[in-house]
């Protein structure tokens, strides 16, 4: 994988849950092909899909769950980052993703746990205020919730190959969002190294192995 290209999103659906399922299946097919290619190209047998070669992660800005300005400058913190794009009204995929990422982080040796940041970037800036993000992410260990302003969000999403779209709209604040379900692992040097689809995160042991390898082998 050389360039994070936005994954296709289903057109406005039938019920939101059916649309979400179809979107997830499409992502799984795309990632499946990329996984086979990456396994051939990468010297380390990643469980997730490797970026071959790694790609510099994009810088972006927003507001964190405490209402403070937040800037992601890849490579500056000296820590790895597991980056996920979702929203707090998400009924299943988003909470499961954050829960499994926290389990993987906790499975690391204690000295390594604080070397990994888990970040949720909201694709729903209309409803995801800092207050709502704070109430949401505190269920998931040390996860950070970030709201990117609506005008800037499309550019940030494109930079990471993320697609998102409102679905099952019933009112101005009553809707679901179909979105790319991948988590992006960025190493301490600011390089995109691996992505996992949420269906892979249930295998915490293999996710942790990917995390450990990236922590031990950051790129400049």
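Our numbering is plain: 1 for the first residue shown, then up by one each step along the chain.
Every residue, even glycine, has its Cβ placed from backbone N, Cα and C.
Because TrEMBL annotations are produced automatically, they should be read as predictions rather than curated entries.
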Site co-member for Cu cation according to TrEMBL, given 90, 94, out of 179, 213: 179
Those residues of the chain, 6+ apart, with a Cβ under 8 Å from that of residue 90 (Cu cation binding site): 176, 177
Cβ-based neighbourhood (8 Å from the centroid) of the Cu cation site, residues 90, 94, 179 excluded: 85, 86, 87, 93, 97, 123, 177, 181
Chain-internal residues, separated by at least six, CB under 8 A from residue 94 (Cu cation binding site): 84, 86, 87, 88, 120
